[in-house]
Amino acid sequence: MTGLFISFEGIDGAGKSSHIEALAQAFRDAGRSVTLTREPGGTPLAEKLRQLLLHDAMDPLTEALLVFAARRDHMVQVIEPALARAEVVVSDRFTDATFAYQGAGRGFDWNKLQILERMAQTGCALEPDFMREPDLTIWFDLPAAVAAQRLATARVPDRFEAQPQEFFAAVAAGYARRCEEAPQRFARIDAHQPREAVWQQVAQVLQQRGYLQQASGAAA
Ligand SMILES: Nc1ncnc2c1ncn2[C@@H]1O[C@H](COP(=O)(O)OP(=O)(O)O)[C@@H](O)[C@H]1O
Ligand SMILES: Cc1cn([C@H]2C[C@H](O)[C@@H](COP(=O)(O)OP(=O)(O)O)O2)c(=O)[nH]c1=O
């Protein structure tokens with residue numbers, strides 16, 4: 001059995017958190033060990049960087065560097081060891097969020113982000129030139145106006161959630177661009193549906209990819 005790396009993506013309020021535990025449980029039910037984690041964060045150091053990123057003002061390059069510093073620590077300490085143990089790693093956000101928020105949202109140079117991506121995500125797996133990416137990215141696609149309505153009553157906004165709706169429309173376009181650049185890795189979910197219908201789409205992606213069948217077979 002090999003490890004499996006799945007990321008959840010989407011603008012704030014798209015509904016990711018409402019389904020991530022159910023996805024983890026589906027894998028556990030199929031006999032797999034699951035590491036459920038998040039970005040920015042997932043390690044003591046990265047959680048400290050998360051606090052800075054969510055609450056302190058900084059220039060775009062500083063923001064991009066901190067995001068990747070947190071990611072590198074998360075990969076070295078948590079993601080790679082879990083994949084080496086053949087676990088399923090489920091991360092609430094990964095690098096697509098950086099392209100969407102820092103790239104499309106803040107306007108930071110897309111090509112520079114690609115350079116940072118290669119630097120941060122290479123050299124922590126067994127093969128020295130291998131760049132770690134998710135095997136599957138589940139993208140909760142929701143219009144920015146709908147996400148804003150959902151969040152209006154939901155929680156106190158952090159530095160990103162406090163951005164105007166146009167920011168999130170740009171972030172959503174950033175996700176669409178990443179999806180176009182790697183269509184085989186992305187599964188787009190229509191998140192503008194009732195919770196149960198959204199979950200059915202997620203479950204269908206897992207079935208189509210044979211992830212749960214493979215796990216059941218291995219556990220038997
Ligand atoms: N399909 C849905 N329809 C309506 N409201 C939803 C749906 N999914 C989630 N919500 C609500 O929208 C808000 C944001 O959901 P959440 O899962 O926290 O989003 P995210 O983790 O993507 O920011 C929460 O109040 C949640 O209860
Ligand atoms: C991973 C990542 C997150 N972010 C932002 C997106 C979110 O607004 C914020 C925190 O993400 P998230 O954990 O989804 O927020 P919450 O716990 O409130 O649901 O960080 C970036 O700007 N760049 C990144 O690379």
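From the backbone N, Cα and C atoms, a Cβ is placed for every residue, glycine too.
Owing to the predicted nature of the structure, the values given are computational and were not obtained by experimental measurement.
The local packing around Gly13 (ATP binding site), expressed as other Cβ atoms within 10 Å of its Cβ over all shown chains, amounts to 22. As annotated by TrEMBL, ATP binding site applies to Gly10, Ile11, Asp12, Gly13, Ala14, Gly15, Lys16, Ser17.
What TrEMBL lists as domain 'Thymidylate kinase-like' is 8-201. Per-residue confidence over the domain 'Thymidylate kinase-like' (8-201) averages out at a pLDDT of 96.
In the vicinity of ligand 1, defined as a Cβ distance under 6 Å, the following of the binding-site residues Gly10, Ile11, Asp12, Gly13, Gly15, Lys16 are placed: Gly10, Asp12, Gly13, Gly15, Lys16. Compute the center of the Cβ atoms of Gly10, Ile11, Asp12, Gly13, Ala14, Gly15, Lys16, Ser17, which mark the site for ATP; besides them, the chain residues with Cβ within 8 Å of that center are Phe140, Leu142, Ala147, Ala191. Listed in sequence order, the binding-site residues among Ile11, Asp12, Gly13, Gly15 whose CB lies under 6 angstroms from an atom of ligand 2 come out as Asp12.
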